[in-house]
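Residues annotated as compositional bias 'Basic and acidic residues' in TrEMBL: 61-75. The domain 'CDC20/Fizzy WD40' feature in TrEMBL is assigned to 77-366. Annotation source TrEMBL lists region 'Disordered' at 48-75. Annotation comment: TrEMBL describes 123-164, 207-239, 250-294, 335-368 as repeat 'WD'.
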Amino acid sequence: MDFDYAHLALMEEREEEEEVSSSRKAYRKQLAETMGLNRTRILAFTNKPPSSTSLHHQHQHQHEPPRRIPQRPERTLDAPGLVDDFYLNVLDWSSANVLAVALANSVCLWDASTGSVTTLVTYGEDQGPVTSLNWAHDGINLGVGLNNGQVHIWDCVTKTLLRTLQGFHHTRVGSLAWNTHILTTGGMDGRIFNNDVRFMSYPVSTYKGHTQEVCGLKWSASGQQLASGGNDRLVHIWDRSTSTQWLHRLRGHTSAVKALAWCPFQSDLLASGGGAEDRKIKFWNTRTGACLNSLDTASQVSSLLWSNNQRELLCSHGSQLTLWKYPSMVKMAELSGHTSRVLSMTQSPDGCTVVSAAGDENLCFWNVFGLPHTTAKKTVPKAAHEPFSHVARIR
């Protein structure tokens, strides 16, 4: 748009009524011819010339080498006794850079900073095997779900048992999810309980919607919405601030839904993955409940992880991992290293490394999301002097 010429054209009628000197008219005529303003349109659209800044970024983009994605694991650890059960969640990486893995009746801790391995606890046959693990946000307290329906909370610094939650689930607890001081548990009985760990009382709320085993639980980053997936092929979205009635019941999968992942760059976007009879990744708008897209992976989807740095999604399906570009869902890389189906994945606290656990009793580490020195590292909280001292207590 040329505002100078627009003003000139709009003022022409007024000039006919006013006396304008001949020199003034001659000047305007010469200006119009020089600037190419002898036209009838006031508004005209042309291509904007590239600025020096955009040219600089374009030059940088052209010369920036593509990120190399290693298609083989950088490290492999033995995991003897890892239970080959699709419905369990037996792997989690803490904000303190400690990996917890359930090996049959034991919980083992691998410190990524030192490479040391310790056994936190070994349960008896009347309690085990361990069926789920999830770290609290402080990187100190670990929730452990058991086959007998109990849930234990451990302080992994002092290696002491802080709390035993029992009497709620009567069958195995296959999924756990922390939300500050709330530990959410999902059982084979189809029930979901929210437990306030600051109190010794019963659960503060119960979510009823699944008719079969709850095998996936994930709180959103804001802590306001919970996604649950079950063997009944359903995904539920629960709103913490409203009631115990589901906000959305999402249908579309034709098999068990274990893999759930909230998008880090779009708060109302959820990815879910279906089991062996479904094999699809679906994307949902949790504000409206609409299914935005569906992709067939051709094998059982066990885990989904979003990149914290790029618009990318990592999927474990069958015996491999596949990295996809979102939202085009163009396949960026296929990662092979396991000889049997992948059961779980978890992400390092710096967001760069992913570890996968499979039925071949191996843990594979992948540098799939970039290098640590190019990624903003998360701050590791300091150890608390007492259990759950990082949350406000109610008298």
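Placed from the backbone N, Cα and C atoms, the Cβ positions cover glycine too.
Nonlocal intrachain contacts for the repeat 'WD' (335-368), taken as residues 6+ away from its ends with a CB within less than 8 angstroms of a stretch CB, comprise 69-82, 84-86, 88-97, 99, 101, 112, 139, 300, 302-303, 305, 307-309, 314, 316-323, 375, 377-378, 380. Taking Cβ pairs closer than 8 Å, the repeat 'WD' (123-164) reaches residues 83, 88-98, 100-107, 109, 170-178, 180, 183, 185, 187, 195, 197, 200, 349, 380-381, 383-384, 387-388, 390 in its own chain, all 6 or more past its ends. For the repeat 'WD' (250-294), the number of residues in each DSSP class (helix H, G, I; strand E, B; coil) is 0 helix, 24 strand, 21 coil.
Counting same-chain residues at least six beyond the ends of the repeat 'WD' (250-294), those with a Cβ under 8 angstroms from any Cβ of the stretch are 86-87, 89, 213, 215-222, 225, 227-237, 300-308, 311, 313, 315-317, 324, 327, 329. Taken as a whole, the repeat 'WD' (335-368) shows an average pLDDT of 96 in this prediction. Secondary structure of the repeat 'WD' (123-164), assigned with DSSP and counted as helix (H, G, I), strand (E, B) and coil, comes to 0 helix, 22 strand, 20 coil.
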